[in-house]
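Trainee: Checked TrEMBL, it gives:
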{"type": "DOMAIN", "residues": "B:66-176", "note": "domain '3-dehydroquinate synthase N-terminal'"}
{"type": "BINDING", "residues": "B:S69, B:G70, B:E71, B:A72, B:S73, B:K74, B:T127, B:T128, B:K139, B:K148, B:T166, B:L167, B:R168, B:T169", "note": "NAD(+) binding site"}
{"type": "DOMAIN", "residues": "B:178-320", "note": "domain '3-dehydroquinate synthase C-terminal'"}
{"type": "BINDING", "residues": "B:E181, B:H242, B:H259", "note": "Zn(2+) binding site"}
2 protein chains.
Amino acid sequence: MSQLSIRSQSHNYDVVIETGVRHQLDKWITKPYSSVLIVTDRNVSEHYLQDVVTSMEKVSTVHTALVPSGEASKSMGKYQELLDRCIETSLDRQSLIIALGGGMIGDLAGFVASTYLRGIDFIQMPTTILAHDSSVGGKVAVNHVQGKNLIGSFYSPVQVLYDIETLRTLPETELRSGYGEVMKHAMLSDSAWLEELLGRSITSLEDNQLIGDLEKGIRVKASIVEKDEREQGMRKFLNLGHTLAHAIEAELGYGEITHGEAVSIGLLFALQLSETRVNASGLPIKDYVNWMARNGYPLSSIQSLQPVALLKRMKVDKKTVNQQVHFVLLNEIGKACVVPIQDDVLLTELHRFQTEVVNV
Amino acid sequence: MSQLSIRSQSHNYDVVIETGVRHQLDKWITKPYSSVLIVTDRNVSEHYLQDVVTSMEKVSTVHTALVPSGEASKSMGKYQELLDRCIETSLDRQSLIIALGGGMIGDLAGFVASTYLRGIDFIQMPTTILAHDSSVGGKVAVNHVQGKNLIGSFYSPVQVLYDIETLRTLPETELRSGYGEVMKHAMLSDSAWLEELLGRSITSLEDNQLIGDLEKGIRVKASIVEKDEREQGMRKFLNLGHTLAHAIEAELGYGEITHGEAVSIGLLFALQLSETRVNASGLPIKDYVNWMARNGYPLSSIQSLQPVALLKRMKVDKKTVNQQVHFVLLNEIGKACVVPIQDDVLLTELHRFQTEVVNV
């Protein structure tokens, strides 16, 4: 079991990582709520909704709301449907929303909670490894047809309850996706932990390894976000690996590759750039490529993409300033910086990435 | 000219009350914004939009968005249309939204600003006296078909710029509406100011009187909200007069009577109840009724309504606890309290209100 306290601008909250939490919600949720709405998706509901309902019914009146699985549900339409459901079930200011699912459910249900009656309590129950990242930091949102996360709020949960049993049903590609962000958090913080991770096989993780990795990842995210909730400064470091990752996702078409898998490739590119652009030395590039290969990361997916097309995608990144792409790089493991990179340099580096680094 | 500093949970902001502010926005808005979206309604736009555009164009790229006048525009539909407009005009995190209008525009545009890109700056430019109340306190929202203000946020503007020239085109009923809330603020705070107000004719106010009344009203609102932004305790006092007012508005049909006029009648009932239920003495009931009559307040509108019907409306008030209506009353001017009132007592008091007090 692991329990962390996170500080947000408005309040402090606990993250509990434990086996079987979903069966003991009456123990973990200590505030009395007049009623509860559990928001989840159809995939997750098949496995875990009944457990959560049974456990919550011991302490409150329970309602449920299901949305289809997948990023398409993070929409204004589903946002409105859920608000209607809040009203239909007469949620009041003493009610609670539980977001049971991955990042999509957390973002969607969190945005509903942040605006229903000008904000009611919500609890995150993440069911993916990837969601260790999104469940901390207070960003909630829905997508607009013109772009991801364009409508949202900064609104933190009152608790994050992580039942690691719910991670045992994840397909391998979701394990890889989650460990993409875990790797990022290790590279931003701690070379000893990174070395440990590079020894792991993600399909044979023990409970204590998984709990430890989630806890360390959340600590890294939390320590940065506590200092810079509104992304004025160092929160930008959390974009390590994401500039290329977003370009890959967009260029391949959303859903063709998981977010965390794209991030894992973006991290490798950031390591390469760190060596050539800020003269970092001693980065474990080779070990990291080998780890990716051993764990089935789709390294080759970058090969089919044109450097010019990737560059064009990177230019519309939120971190682009005055038409110049800004990259988060590493001076060393645990020490990030933001560096502008010129277009021609980027094209050359992308070409080298495809021909040399990825083929190590 | 008057300038107040208001403290909110997230930041401090200034309220400027001045003649002709709309012509000098380049002077008052000191932060550089990449672009500006001015949100207003068709009525206000005819009088003042061009002035605001001309003045803002000196310092930024200016876009506009018009919605129809009236409460019906405070809807999810208009909220979405405005978000689309934000995206269409490429507002970014360094952009500004200006809410030019009364309370409806402030609530609607403020909610858009609070959720676009997880929150961008917005400035309130109130064009009604009533909006002195809503422009301070950080409540923004839209209505749902099932109820008013059900979807919203707590989100404060970065500035409130009150151009009192824009109040000079208000119809008399809007002057009365605004002074309903001004009276409430006086009753909650200051008997000397209340006495002054009772001597005023609202159709012949001098600039310095109007500026002074707005400033005092905003100070009362701000001092309460600064202590209790989320309405856990004393912010409830701001509901003085509102329990009956909401019932009157609902019973007559929204729009049949202005909000502030309904509040003015609710205040009179609260004064009566304060005498009988908390033994307040020395309340200026007679002077207040005379002031209302002299200024054309629609006192008689209460006469057509059934006490039983009003009671039923009051039972669904947000302040009702365990089916018992709770009233904000006055021990004396400047000293409020919250008191539960039994149904039969309320019916008797409503009957007496209709037959005796209103007919003084």
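Quick reminder: no glycine exception, Cβ is built from N, Cα and C everywhere.
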Trainee: Report, as a single number, how many Cβ atoms besides its own are within 10 Å of the Cβ of B:S73 (NAD(+) binding site).
Mentor: 23
Trainee: About how far apart, in whole Å, are the alpha carbons (Cα) of B:T127 (NAD(+) binding site) and B:E181 (Zn(2+) binding site)?
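Mentor: Per the Cα atoms, B:T127 (NAD(+) binding site) and B:E181 (Zn(2+) binding site) stand 15 Å apart.
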Trainee: Provide the list of binding-site residues among B:E71, B:S73, B:T127, B:K139, B:T166, B:E181 whose C-beta sits under 8 Å from chain A at the C-beta level, in sequence order; use 'none' for an empty result.
Mentor: B:K139
Trainee: If you measure from the Cα of B:S69 (NAD(+) binding site), which of the binding-site residues B:E181, B:H242, B:H259 is the nearest?
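Mentor: That would be B:H259, nearest by Cα distance.
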Trainee: Using all protein chains shown, find which of the binding-site residues B:S69, B:T127, B:T166 scores highest when you count other CB atoms within 10 A of its CB.
Mentor: B:T127
Trainee: Including all protein chains shown, what's the count of other C-beta atoms within 10 A of the C-beta of B:H242 (Zn(2+) binding site)?
Mentor: 24
Trainee: Using other CB atoms within 10 angstroms as the count, which residue among the binding-site residues B:E71, B:E181 scores least?
Mentor: B:E71
Trainee: What count of other C-beta atoms do you get within 10 angstroms of the C-beta of B:R168 (NAD(+) binding site), across all chains shown?
Mentor: 12
Trainee: Please list, in sequence order, every residue of the chain apart from B:E181, B:H242, B:H259 whose Cβ lies within 8 Å of the Cβ centroid of the Zn(2+) site.
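Mentor: Here the nearby residues are B:L130, B:D133, B:G180, B:K184, B:G241, B:A245, B:G260, B:A262, B:V263, B:G266.
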Trainee: In Å, rounded, how far does the Cα of B:K139 (NAD(+) binding site) sit from the Cα of B:H242 (Zn(2+) binding site)?
Mentor: 17
